[in-house]
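Pulled from TrEMBL:
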type   : residues : note
DOMAIN : 1-155    : domain 'Thrombospondin-like N-terminal'
REPEAT : 245-290  : repeat 'EAR'
REPEAT : 292-340  : repeat 'EAR'
REPEAT : 344-392  : repeat 'EAR'
REPEAT : 396-438  : repeat 'EAR'
REPEAT : 446-502  : repeat 'EAR'
REPEAT : 506-554  : repeat 'EAR'
REPEAT : 557-600  : repeat 'EAR'
Amino acid sequence: MSFPASRIFSRCDLFPEEFSIVITLRVPRLPAKRNEYLLTVVAEDSDLLLLGLRLSPSQLHFLFLSEDVAGAWQTRVSFRSPALGDSRWHTLVLAVTAGVFSLTTDCGLPLDIMADVPFPATLSVRGARFFIGSRRRAKGLFTGLVRQLVLLPGSDATPRLCPSRNAPLAMLSVPRVLQAFTGKPEENEVLKYPYETNIRVTLGPQPPCTQVEDAQFWFDAGRKGLYLCVGNEWVSVLAAKERLDYVEEHQKLLTSSETLGIEVFRIPQAGLFVVTANRKATSAVYKWTEGKFVSYQSIPTHQAQAWRHFTIGKKIFLAVANFEPDEKGREFSVIYKWSHRKLKFTPYQSIATHSARDWEAFEVDGEHFLAVANHREGDNHNIDSVIYKWNPATRLFEANQTIATSGAYDWEFFSVGPYSFLVVANTFNGTSTKVHSHLYVRLLGSFQLFQSFPTLGAADWEVFHIGERIFLAVANSHSYDVEMQAQNESYVINSVIYELNVTAQAFVKFQDILTCSALDWEFFSVGEDSFLVVANSFDGRTFSVNSIIYRWQGYEGFVAVHSLPTVGCRDWEAFSTTAGAYLMYSSAKEPLSRVLRLRTH
């Protein structure tokens, strides 16, 4: 059955931007991989599919033509269809409104999808033809029965059909029945979902939570959680308790050279990114696209050690720590600013540094700071590291405080109540790695010494909370003294976890963990469980050593649960998407970083 579109669109040949399609049908059991068309709109001259409703054994697909200056393509919105192939009557309502595609079956709860591509506002059907139960070809013919098929422009037709005494055979007659329908029960009729029919539950990637979506639900299939939009924030209503089962390789990310550090971050309306600090002259930004990181932007660097992402108001920055001077012998690190127009990072400010190892960005009382870990100047490791403060007037960072450090490798900022702390990882004083690393507290406008820790080539600090408890973990990399001959076991040493003792007003040792030249700790959570992963880099003989995931087990402390093969592991980052949770590590010994998927049960 077919007829020209002009029979319906007699005054305007544009398909409505908001509409509903109501169809009552009976579907036999479809063979696997079979697709049948319920409705299509096809351009007669080119046989181009402008709009269609296609049924497969497990899904209902809504198809439409999308166009822009780059050309035209077909967009598909797929609903996991309920059990339609039972040879019984069912009434479906497909509603398209305000960028939302909604499917209601037998007056049940609607299934909503926020598609990346909205239905076009200017879809022309001039010279097109409607086909019922086919796509103008013999292939794809609908083999079931259709009792009712209605195209209703303007809005969601669901409230006009539902509730219904016989939902699978809910009838829509335009316009008389619609105008007379009151939605009230008659006699002893039992309403099916009397109030819930207007509740919107969205599937797919995390949608925006604004006034438009207020009081709507979003079901995260990846995390198996139900969320409610309240005050511009998705609030968890019901979530399955996930447990880490195993770790699998998800992606091998080839880099231009060995990678000494990685930073994962998000940019609103732009997406998820990772930036790599590469040993050679170019570092790179990668964007998460279709479940993988793909190359996005190259940035010139000079043996970059680390990146730090931070924001000031609406401004988005990346700071790189350059270890080596440029071609002219100048030592400096660079702050880059995100251009909302170019959608790229552009140079913003250069700061003189000395073999910089790390940047730490933080905020205290509304003021923004950057701390650089200066590792050495020439052969002198006992130099000042610098804290810079953002000047809102000049919109630049200016030196605010210097702190004496010994081969500084890492800064870590954290707060406890009203107090702000900054801890430095000191690695080498020129003769020995057995040096103290220091914790500073901010008092009267500057950071002052609060506590010192004995460390062995400290390369990283990680602060984390478990309940009300606060911990500090240090990664010890090397036990060495110029007066003693270096031995293999000097790399296999204890790294230490400290816990804050509020009564003593100090961090006290909580647990020793044997590590192999540890360079990084990363804390992450899966469900209600807490984990630490260590970057083991060298055991004195080989760089091919396993890095370990430890799980928090209360009184037992952290217990090893997973052993991950790594090569010269330098840095770990944990991140999550709507698809699940991931770990990523960089290698200082091969031009390859890896993304690992955390599988849960």
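Quick reminder: no glycine exception, Cβ is built from N, Cα and C everywhere.
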Counting each residue once, how many in the repeat 'EAR' (344-392) are helix, strand and coil under DSSP? 0 helix, 38 strand, 11 coil
Taking DSSP H, G, I as helix and E, B as strand, the repeat 'EAR' (245-290) contains 0 helix, 35 strand, 11 coil
Under 8 Å, at least 3 Cβ pairs, sequence separation 6 or more: does that hold for the repeat 'EAR' (396-438) versus the repeat 'EAR' (446-502)? yes
Summary of DSSP states over the repeat 'EAR' (446-502), given as helix, strand and coil counts: 3 helix, 39 strand, 15 coil
Considering every residue in the domain 'Thrombospondin-like N-terminal' (1-155), what is the mean pLDDT value? 87
What counts of helix, strand and coil residues does DSSP assign across the repeat 'EAR' (396-438)? 0 helix, 34 strand, 9 coil
With DSSP helix as H/G/I and strand as E/B, how many residues of the repeat 'EAR' (292-340) fall in helix, strand and coil? 0 helix, 34 strand, 15 coil
Where DSSP helix means H, G or I and strand means E or B, what are the helix, strand and coil counts for the repeat 'EAR' (557-600)? 0 helix, 36 strand, 8 coil
